[in-house]
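So the structure is just underneath, and the comments pick up after that.
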Amino acid sequence: MNGGLFVFSKKYCRKYKLRLSIGFLLILISNILTLFPIPYIGKSINVISYIFSDLSNFISLKKDICIYVSIILIVPIIGGFVKYHMRQCIITTSRMIEFDIKNEIFSHYQKLSSSFYKKNSTGDLMNRLTEDVSFIRQCIGPGFMYFLNLIILFFMVLMQMLRINKVLTFYVVLPIPILFIFIYYISIFIAKKSKKVQKFQSIICSFIQETFSGIYIIKLFVSESFFQEKHKKIISQYKKKNIELAKIDTILSSLIIFFIGICYSLILFFGGKKYFEGEIKEIGNIAEFFTYVNILFFPFIILGWVISISERAKVSLIRISEFLKIKPEILNTNLVKTRIFGKVEFKNVSFFYCPQRSLYNRKQYVQNYTLSKISFTLMKGKTLILTGETGSGKTTIGRLISRLYDPKQGEILVDNLSLKDHNLYNFRKNIGYVPQESFLFSDSIYNNIAIGSIKKITPCKVYNAARIAMIENDILNFKNRYETIIGERGITLSGGQKQRICIARAIIKNPKILIFDDSFSAIDQKTRREIIRYLKKELKYSTIIIITHDISYISDFDLFIVLKNGKISKIENHNIFS
Ligand SMILES: Nc1ncnc2c1ncn2[C@@H]1O[C@H](COP(=O)(O)OP(=O)(O)OP(=O)(O)O)[C@@H](O)[C@H]1O
């Protein structure tokens with residue numbers, strides 16, 4: 001068992017200390033019950049040997065043999081019952097700890113910034129949350145239980161063996177330190193191999209997730225065989241790494257069996273010698289020795305698994321900690337919630353995404369500014385049209401206003417207060433964002449519209465938002481109306497329907513700042529005009545930012561900005577102070 005894992009699991013174990021303490025007490029009781037009948041096996045053999053040597057003793061020894069046999073039969077039944085509860089207690093607790101760890105990681109993932117998700121694949125995130133947590137659970141649950149069981153059992157067995165014959169005990173336990181040295185070196189190999197296997201699991205997860213998200217493209221471009229080949233290649237590498245790991249696991253188990261075999265031979269040789277020399281008086285003692293080593297057989301075999309799982313858990317812990325250590329880039333520094341009115345001001349704002357490797361020198365990183373010295377003021381309740389050629393930085397401005405990223409230079413002010421000084425969660429609650437790519441969850445239409453505020457929002461508000469976004473008629477035409485499930489195993493919506501549900505989702509909160517990032521591209525011209533007209537009427541106090549390539553459907557706006565290569569190439573103010 002490793003120290004890092006112990007430190008990591010301490011806070012979780014503390015929460016379930018009562019359950020774990022009961023579990024450990026049950027380990028102790030179950031081991032006492034396991035060892036209790038063994039002296040009676042020895043005694044029974046001795047009695048049988050007396051009977052064979054002198055049949056006249058049969059009647060007097062019959063009672064003894066009945067008592068011994070009853071103990072040998074009944075105590076293991078009670079022991080089995082205790083073992084069942086011991087496993088229940090510890091393994092169920094490990095499931096509870098797994099639940100807590102998963103929740104903590106999930107909550108941490110949600111706090112991390114957008115750049116984190118650009119750097120790490122979804123498959124890798126999933127793998128760390130599922131497989132890696134599962135290895136940690138197996139280690140701190142069954143792994144620790146078997147390990148502790150072996151230690152307690154070993155010392156109890158040692159005491160019993162010493163009671164019978166000290167010299168024979170010394171010979172029998174002699175191979176065990178050598179076995180531990182072997183185990184130590186093999187576990188180093190297991191750790192190395194485990195790391196490779198777990199890395200491959202993440203790669204496979206990412207590959208599968210990406211492949212099936214893009215299944216339409218694969219089908220349209222008839223690329224099935226290409227992806228099949230790619231899958232085969234990754235899987236065969238994974239198989240190779242797994243077989244290498246399995247080989248080491250097998251070597252470890254075989255080694256343990258071999259050492260137990262040596263223990264048997266030592267009992268036979270030295271025990272037999274001592275019996276014939278008269279040092280060990282009764283043959284039953286030799287039988288007892290065999291039974292003790294036999295009892296250690298299964299825990300020692302399991303030790304191989306414990307070491308393997310502990311090494312895997314060590315790797316998993318490193319992988320999980322790597323992510324848990326990452327601090328969110330966007331921090332909430334203000335706990336006070338202020339009322340948002342919606343005035344947005346950019347003061348010399350410059351921004352770049354993560355620095356990229358230079359094309360000429362791979363070791364060098366270059367910072368290409370996505371936005372450079374952007375300045376404008378958009379008064380509360382006014383409308384901004386943001387246009388410009390592809391890649392000019394329009395979406396980036398939307399992301400900066402929503403505080404998905406912070407500017408590298410300059411400042412963004414909302415209601416004359418730096419955006420960084422606003423309460424992050426309160427501010428985001430006042431933002432309605434319709435992204436370029438409509439993203440809907442595999443849930444009902446109702447929940448997709450009311451997302452994030454399901455408890456606070458009344459059905460009336462959901463229906464009203466759907467009406468303003470002009471999706472109401474489409475929804476009412478579905479068989480299950482607002483309860484229609486979207487996506488997996490549910491209905492698949494058209495691009496325009498998805499965009500309008502996303503619009504309904506953004507306006508339901510009655511946000512003070514509304515950002516539409518190319519959100520009308522799949523909607524016909526007439527409907528676009530209607531939605532904008534409704535929006536202006538229903539959300540007349542909200543600041544609206546429309547990012548678009550096509551301005552033909554918007555006639556009424558206050559500020560017009562054209563971007564080119566991350567700079568403002570044209571800006572027009574229409575009655576901004578009115
Ligand atoms: N997450 C990101 N990481 C790194 N670079 C990015 C990221 N998002 C956008 N970029 C880069 O920033 C630049 C501006 O992108 P942005 O999406 O803001 O442009 P846009 O004007 O909205 O484009 P379009 O009209 O095509 O939507 C582009 O060169 C793009 O490659």
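Numbering starts at 1 and runs along the chain as displayed.
Glycine too: its Cβ is placed from the backbone N, Cα and C atoms.
According to TrEMBL, the features are:
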TRANSMEM  20-42  transmembrane segment
DOMAIN    22-312  domain 'ABC transmembrane type-1'
TRANSMEM  65-86  transmembrane segment
TRANSMEM  144-162  transmembrane segment
TRANSMEM  168-191  transmembrane segment
TRANSMEM  248-269  transmembrane segment
TRANSMEM  289-309  transmembrane segment
DOMAIN    344-578  domain 'ABC transporter'
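Summarising model confidence by region, the domain 'ABC transporter' (344-578) averages a pLDDT of 87. The stretches the transmembrane segment (144-162) and the transmembrane segment (248-269) are not in mutual contact, being linked by fewer than three Cβ pairs under 8 Å (pairs 6 or more apart in sequence). Tertiary neighbourhood of the transmembrane segment (168-191): same-chain residues 158, 161-162, 245, 248-249, 251-252, 255-256, 259, 262-263, 266-267, 270-271, 274, 280, 289, 293, 303, 307-308, 310-312, 314-315, selected by CB-CB distance under 8 Å and a gap of 6+ residues from either end. Residues 13, 68, 71-72, 75-76, 78-79, 82-83, 85-86, 89-90, 93, 145, 148-149, 152-153, 156-157, 160, 282, 284-285, 287-288, 291-292, 295 of the same chain lie 6 or more positions beyond the ends of the transmembrane segment (20-42) yet place their CB under 8 Å from a CB of it.
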